[in-house]
Amino acid sequence: MSEEKAPARKVTLSRPCILIIVMAGVERFANKGVGSNLVTYLTGVVGMSTPAAAKSVVAWTGVSFMLPLVSAILADSYWDRYSTIAVSSLLYILGMAAITAWSVLRRRMPRPTLFLPLYLMAIGQGGYQPTLQAFGADQLGIGDKDDDDDDAEPAGLTAEEKGKVKSMFFQWWYFGLCSGSLLGNSTMSYVQDNFGWVLGFAIPTGVMALSVAAFFCCTPLYRQQTQQQQQHKGGASSKPSQSGIFKFVKSIIPSQKISLPSKDDNGDAISELELQEKPLKAERGEAKESSQDEAATPSVARVILGLLPIWAILLIFAVIFQQPMTFFTKQGMLMDHTIGHAFVIPPAMLQSSITISIILLVPMYDRVIIPLFNAVTRGTGGITVLQRIGVGMVLSVVAMVVAALVESWRLRVANNAAADDAPRRLKIFWLLPQYVLLGVSDVFTVVGMQEFFYTKVPASMRTIGIGLYLSVFGVGGFLGAFLITALEMATARPGNSRGWFSDDPREAHLDNYYWFLALLCFISFVLYTHLCKFYSGKNASGK
């Protein structure tokens, strides 16, 4: 009888979980309120060149996504997740308040000092965002097989139903992020362009402060455990301790092990080539201690190493992910972005079309996309996480091709107008297809990446798994900055030292850059399809 009643409550999210999702959406509003229009602030107010501003924004975004790896180790090894959120949120607010103060005192402040509050904000975000997501997943009340806590999960919960609840959480988590991003992109860019940057930075700062205050007020509702409680619950192997981190590093370097997922196994097993010499015999005590150590930390090392190929192949997608905040916005600044004679559309506002497409598509995913996929494939299992990531990669290639075609058209129109002495520019709405395609791509790839990296690590390292997922975009940001610098040098010509990225719209060729990214992403997708053969097990699909 208990099994018949259970399904009614298994596919719902708890109230604390919903509260965390709302708070995550508010954080995105504050972050996008500062970052979405930052390239315009750096070029139009601070006075930086377009390539320098783009590289600065990409590098800042990259650091913001790289730092979660550090905060994840703190949250899972030294502190608990609640404490990590508390400390990082205060740094977050301090950085945003400093940015607002800098905009007030801009004329008296040297230009490089702007990056001090920006990177303080990045440090806060690096701890806040991944830990909040892992903390929100804790509120699901779903434990693992090795959990001894009776309250860890509802009775009668099957593995398939666990997968459904987890997928629901990650979809609605991304829905919350995009809702906050939509408000930040649309409202704050308009306020900044029409009412001033001081107000445009002060509003996100105040909203973020209110969000953190609400988080602390709701503390009694949360399901949380301290580090000591988690260690007591599962023993030495349940949580990566300080010594476990050192053992993890040691297992990678001195032991000289090369690990890849086995194509013939179920996805959990790892094919390992070990080059370190070992004695043929060992005493019983040494063998027992060695087996305990192997159960505690090397499995973590093998899992992380096994995820690195997928992690590396997704870097090009992360480079494309950065384009709306940089060159798409700059592209819009070169187009006609007026409606009638009075209303002027801030180019950064078009980033809202990405989040609108995501907000519309996420609720339709389970009801429309999955049944349609089953009808085409004549199956009932839906789409796996790996397939979901692959679909998004293909859509990102299409988005860059469309962006290249639109930019080529813009250049032709601008050059013809210059030849005829007619001030003619392409309407900014022609950028909408590339924005929408990237939004649909995000629903597949980004949500799939979250679930993939969350489910492929041990339960005690879930924050590290989320940090690993976010670090894809961090390293991708640095890779994007490197590509801009390299292409700027490779395409430079006499009289045009910045090549494709020239500040002169008649000499710039962003269309060539978009074609280059489309080619790189296509190559990455081909490699990805081959790598998926090694991750075809249950855990790889997240089900």
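Glycine too: its Cβ is placed from the backbone N, Cα and C atoms.
Within its own chain, the transmembrane segment (57-79) has Cβ neighbours under 8 Å at 35, 38-39, 42, 87-88, 115, 118-119, 121-123, 125-127, 129-131, 134, 227, 239-242, 244-245, 322, 325-326, 460-468, 470-478, 480-481, 484, counting only residues six or more beyond its boundaries. Summarising the annotation, TrEMBL assigns transmembrane segment to 57-79 (among others).
Look at TrEMBL and you will find 85-105 (among others) tagged as transmembrane segment.
According to TrEMBL, the feature transmembrane segment maps to 172-191 (among others). Within the same chain, residues 13, 21-22, 24-34, 36-37, 40, 133, 136, 199-200, 203-204, 346, 348-349, 351-352, 354-356, 358-359, 362-363, 442-443, 446-447, 450 sit at least 6 positions outside the transmembrane segment (172-191) and bring their C-beta atoms closer than 8 Å to a C-beta of that stretch.
Per TrEMBL, the feature transmembrane segment maps to 197-222 (among others).
The transmembrane segment annotation in TrEMBL covers 300-321 (among others).
Away from its own ends, the transmembrane segment (341-365) comes close to residues 32, 36-37, 40, 171-172, 174-175, 178-179, 181-182, 185-186, 189-190, 192-194, 324-325, 328-333, 335, 428, 431-432, 435-436, 438-440, 442-443, 447 of its chain (Cβ-Cβ under 8 Å, at least six residues beyond either end). Residues or ranges marked as transmembrane segment by TrEMBL: 341-365 (among others).
Summarising the annotation, TrEMBL assigns transmembrane segment to 385-406 (among others). Remote same-chain partners of the transmembrane segment (385-406), defined as residues 6 or more beyond its termini with a Cβ less than 8 Å from a stretch Cβ, comprise 314, 317, 320, 323, 328, 331, 426, 430-431, 433-434, 437-438, 440-449, 451-452, 455, 511-512, 514-515, 517-518, 521-522, 524-525, 528-529, 532, 535-536, 540-543.
Same-chain residues lying 6 or more positions outside the transmembrane segment (435-454) and placing a CB less than 8 Å from one of its CB atoms are 133, 137, 166-167, 170-171, 173-174, 307, 310, 314, 317, 320-321, 323-324, 328, 350-351, 353-358, 361-362, 365, 385-386, 388-389, 391-393, 395-396, 398-399, 402, 462, 465-466, 468-469, 472, 540, 542. The transmembrane segment annotation in TrEMBL covers 435-454 (among others).
The transmembrane segment annotation in TrEMBL covers 466-492 (among others). Non-local neighbours of the transmembrane segment (466-492) in the same chain are 51, 54-55, 58-59, 61-73, 129-130, 133-134, 304, 307, 311, 314-319, 321-322, 449-450, 452-454, 457, 498-501, 509, 512-513, 516; each lies 6+ residues outside the stretch with a CB under 8 Å from one of its CB atoms.
Per TrEMBL, the feature transmembrane segment maps to 512-531 (among others).
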Please indicate, using numbers and ranges, the residues of the same chain that are 6 or more beyond the transmembrane segment (197-222) and have a C-beta under 8 Å from a C-beta there.
-> 15-16, 19, 23, 26-27, 29-31, 33-34, 37, 41, 45, 82, 85-86, 89-90, 92-93, 96-97, 99-100, 103-104, 135, 139, 184, 188-189, 191
